[in-house]
């Protein structure tokens, strides 16, 4: 193994799309055994760059060198032959097939399934990635699925491993395990490209970092020698914004109460809810931590009213609302910001005016069954101005807005409905740092006016930043909410793995109206 | 290598030029067809598309054929926007005609002035009921309305056949499968002397205006549109998807049913097996050709009516079979679907 020749060198890579330049003149080099971070916000061009290396996208200009030789990578199969492996953010596994079968699907050469299972076992043990090759994927946790993807790469003896935001689906403990594995691989000489926007992870794991902003390299650094603030400056071009959370001094009473909510999931691979109980008070932000797929979407459907449940299972300001649909609940003061912004929170091909009409139509926008489009436009324009929605006015189509600006519009639209309770799923998922800070502050400000807010998020740091108390949803069960001050990332992480006292399943049979 | 690539956004220009391209392509391929049949394309073209419009009688016939097409297409377009595909308007037309015809037959001999309005109401109810069956099947059993509406139009056809062969057969009709000729009190009044244009055009005219306003301004239409674009957003907003199913199927059944009464109390004047030359199916093409827009449908309806007239003229003047009408309708739909691909896609640009 040569130590002077870089394993991978990118020279002046440029990739243009019709509307944006994804990568402009990007150069970087990775040495053998190095863990190299690619740091940048959503939309900074990280994923495009990795897809170019993996042969999934062709660069318009620039040179790629591996071990000192110019190479042209035209497709992923060729990249794999060159020793490049990639673990994608979104897994591509078949739920109904076993681990070994899923791995066999991507092998280019003929294989023997029994022998393959044996190799999967060996590799998974060697790198501390315990995996049963004969289990079907649908029974695996998200962390285990990621192991399948990693083992799938390792089987091909890669010399360069690319991981795209690998920790977004892991508990803090699982993140530590993953890092051990990656360090072991690096010690054996494998180069690792680690894509992330989480500063502390990069500082814990990586030897070097290339920072991207708007498709350009804005700096190269040793992350251990930098502070989070200095890394953030390179990443977003200014100081990391902080939220202010003044104490709430107003009246405090239960606004949203969920009691013994049971819900059988509709899909075969969904998660059913068991005996979920929670209370959100006025002026309080309750966070629900946990990894998506543990009943989050089912809980959101039951709370928002998209999936009505038993009348008494959900109460708003102590009145039963469980049986009502989303529109009626909104009329009573319960608003909802869904995780899916395009296609659920907004109608993509319709203008912001019409998307204001979607949920705000009770606010004087109807007259004898006819729409007063002027009022809807006014509402949208006010929302755009008040919540700093950039990229278009009331006439712009929802799909033309960036993720962060669209989310500002949706959150703003729901806040302007003057709710009593607001439910928000993944408030800043895929949103840039600046917009995320604006959104978090908006939620904090809203709660301090006496509104009860329930936030479901995969980002623990976000929950610790804005919430008053935190509960954990794991395998369809909700842990008792605890004040944020009595918790830390580690204790929440243990609960995310399902390690918390289960609520007793006795009594209260009258609430057991699980709807299919 | 794919020839097409998706556009970042659907093209608004293409949305409205696609029908023009489809019409042009139909005309070009149509002339080639005439040529292949040994006819002079220019002359055939003249016979097909110009001759019917050279007399005022031709124009009046155009109006008679355009009216039911436009009326039905207005109702269908509403459902298509909600992605509820009622393709059985032909059956709803027939049941509407049966219901209206029932009134006419029951009131035979009376010259009460309310007979025609009663026929229209009966036709509307008949068509609405025939549309309500697929709505019930869809909301209760999740049965695909594309299949149920189509299949029910065959049922309607047999129902009509049974009625004019059985209970309602004209006793003096020499065993032809037809009802009695309706008396004047059961017919729309003729508007223009010497033509067949009657007062039923006001129904279509009213429908155009009503649908135009409804589409442009009503909250119900907005809800329907949201359901078509993004069902999840509809659920999120709390709009009832079942109500959209009922509303669109019942309303489109109703317009088709009224169109059926327009035929039997107008140009046909009785119940027989030929009360509709496929208006219910042709109206599907009209709705899409008119871009599901109330006014676009008016233009498309006249074009489709011209194809009907041209087809008749071609049979007489060029000795072509009646199937020529169907061929032109088919080509029009085919080319429309083909050009619609370019709303969401474009030709891949050559890489430099």
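Note: Cβ is positioned from N, Cα and C throughout, glycine not excepted.
Keep in mind that TrEMBL annotations are predicted by a computer and have not been checked by a curator.
The transmembrane segment feature in TrEMBL is assigned to B:16-37, B:57-80, B:87-107, B:113-137, B:197-214, B:244-266, B:278-308, B:320-343.
The list of residues near the transmembrane segment (B:113-137) in space but at least 6 beyond its ends in sequence, with Cβ under 8 angstroms from a Cβ of it, reads 86, 88, 91-93, 95-104, 107, 143, 145, 148-149, 152, 156, 185-188, 203, 245-246, 249-258, 260-261, 265. Outside the transmembrane segment (B:16-37), and at least 6 residues removed from its termini, the chain residues within Cβ reach (under 8 Å) are 44-45, 48-49, 289-291, 296, 300, 303, 318, 320, 327-328, 331-332, 335-336, 338-340, 342-343.
Between the transmembrane segment (B:197-214) and the transmembrane segment (B:87-107), fewer than three CB pairs separated by 6 or more residues in sequence fall under 8 Å, so the two stretches do not touch. Tertiary proximity for the transmembrane segment (B:244-266) is limited to same-chain residues at least six positions away from its ends with a CB under 8 Å from its CB atoms, namely 64, 67-68, 71-72, 74-76, 78-79, 82, 84, 86, 89-90, 92-101, 104, 116, 119-120, 122-132, 134-135, 138-139, 145, 149, 182, 186-188, 196, 198, 200, 203-204, 207, 220, 223-224, 227, 234, 275-276, 279-280, 283. Same-chain residues lying 6+ beyond the ends of the transmembrane segment (B:57-80) with a Cβ under 8 Å from its Cβ atoms: 51, 86, 89, 93, 192, 194-197, 200-201, 203-204, 207-208, 211, 215, 221, 224, 228, 247-249, 251-256, 258-259, 262-263, 266-267, 276, 279-280, 282-284, 286-288, 290, 292-294, 297-298, 300-302, 304-306, 308-309. Tertiary neighbourhood of the transmembrane segment (B:278-308): same-chain residues 15-16, 19, 22-23, 49, 52-53, 62-70, 72-74, 76-77, 80-81, 87-94, 153, 208, 211-212, 215-216, 256, 259, 263, 325-326, 328-329, 332-333, 336, 340, selected by CB-CB distance under 8 Å and a gap of 6+ residues from either end.
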